[in-house]
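Data first, discussion second: the structure below is written as structure tokens.
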Amino acid sequence: MGECQRWLGDIEATRLAHNQAFTEAMLEQYREFFDSVESSPLNASQARAVVNGERSLLVLAGAGSGKTSVLVARAGWLLARGEAAADQILLLAFGRQAAQEMDERIRERLASDDITARTFHSLALHIIQQGSKKVPTISKLESDTAARHALLLKSWQKQCQEKKAQAKGWRLWLEEEMGWQLPEGDFWQDKKVQRRMASRLDRWVSLMRMHGGSQAEMIAGAPEAVRDLFSKRVKLMSPLMKDWKAALKAENAVDFSGLIHQAVNILDKGRFVSPWKHILVDEFQDISPQRASLLAALRRQNSQTTLFAVGDDWQAIYRFSGAQLSLTTAFNHYFGEGDCCALDTTYRFNGRIGEIANGFIQQNPHQLSKPLNSLMAGDKKAVTLLADDKLDDLLDKLSGYVKPEQRILLLARYHHLKPEALNKAATRWPHLQLDFMTIHASKGQQADFVIVLGLQDGEDAFPAPARESIMEQALLPQPEDFPDAEERRLLYVALTRARHRVWLLFNKAQPSPFVEILQALDVPVARKP
């Protein structure tokens, strides 16, 4: 046995030595390419990621570390080396805007129109068109929230009206689990109840559609602790799913979830043969099991296809829409043996912001550890806690020294926390470039200065308490076992939007639990800005 292990160890050591020699040779041979492919030369960690020859590679790209540069350079390097023709490279992004920006960057830097960045949905559409010779129509319901709500409410009301047992089941669900106070009698006719129900029905139907399996499979896959109750919920949701499918059929259309399931089906039946030798994925931490199944189906078709996945588990904030963090943190388990490397330098924020943000996020042992160094030191005041009644004073002070071209980003956990002070901004602080958005919306943004609002407990708390229904608990990926893990990542995203300084505004009467944690990390509390 010992002999066998030694032999395996020798093979692994030889493989690593070979890879190291290959990397060094490539860095030397393509030095000029790495110096000119982007507007600034690639650093050593970026260039090493680009030339990595593993079949499955996870590139951990922290905030501001130049992930787009690495994706563009990887595509350019594959072309320069003759490893692939342009039409054998597949670039995937999560949103249409991100895909368009990637296209522009590739046209500008590589002078190529032949590599097209796609979203997962546009890829699925392409596979279905080629594999079935049909052009699927995307249902109008996907883009019309009001029509979707109307369809689902009508279905729900009909179910309650016609079947007493169903109405009783819904009353139990809403009163016992959701804690709602429902009117006596036909509660489904109540306008206030309908308003509250519409978005929830939409959410729950969306989760069931995303799962894509039969109801029996959904129930079997639910955590044991909630399985029995979830089974009852699925029975109540069943007529809504039926009506949803009937509406799609009447329209002769598919929804987005159906699009990906159809594409996987076509690939598995061999009706579309993947031409792609290299798959490059941006924002990999946002991947869901459904999208991962599309990648797996493409690679089953061609076992030589490489996967170059660029993402950052520290910025994974989309579990609510189905993203599964373990697809990144246990990358090799899901995508086969390979390698993991990190881009080690951020070009955005100073060392003090980095020290606080990195220290805060790495208190969760489930996050992958990686180096992320800054080019500037930054002083102790680069991250400051400040009482939330000092916002006007802070903006007064900033208007005294911030240059007109410098951007100030105000971020909050919830959209309705937009401060009223901004209504008078144009007259009181005419020289300040102020933007407000939610932290979720700020992903991918940057600013010179950031003000994070609403570090409070109680109502509109940040961290938000977990208030998931049985549907979410059963159908969303299981969260990791660490308090407020996703909410921590949200604050990390907020902190790392800033280049120079961050102010964290907290409620003095009901401060967020994060305030104490930040103070323990040596973040000062300022009495005034």
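Placement of Cβ uses the backbone N, Cα and C atoms for every residue, glycine included.
TrEMBL labels come from automatic prediction, so no person has curated them.
Listed in TrEMBL:
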| type | residues | note |
| --- | --- | --- |
| BINDING | A61, G62, A63, G64, S65, G66, K67, T68 | ATP binding site |
| DOMAIN | 40-350 | domain 'UvrD-like helicase ATP-binding' |
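Taking each of the binding-site residues G62, G64, G66 in turn and counting other Cβ atoms within 10 Å of its Cβ gives the largest count for G62.
Counting Cβ atoms from all protein chains shown, K67 (ATP binding site) has 22 others lying within 10 Å of its own Cβ. Sequence-ordered, the extra residues of this chain that approach the ATP site, with Cβ no more than 8 Å from the Cβ center of A61, G62, A63, G64, S65, G66, K67, T68, are D312, L343, T346, Y347, R348. Note: A63 (ATP binding site) has non-local neighbours D312, W314, Q315, T346, R348, F349, A357, L372, Y492, V493, T496, R497, i.e. same-chain residues 6+ apart with C-beta under 8 A of its own C-beta.
Cβ neighbour count for S65 (ATP binding site) (all protein chains, 10 Å cutoff from its Cβ): 25. Each residue in the domain 'UvrD-like helicase ATP-binding' (40-350) has a pLDDT score, and their mean in this model is 95.
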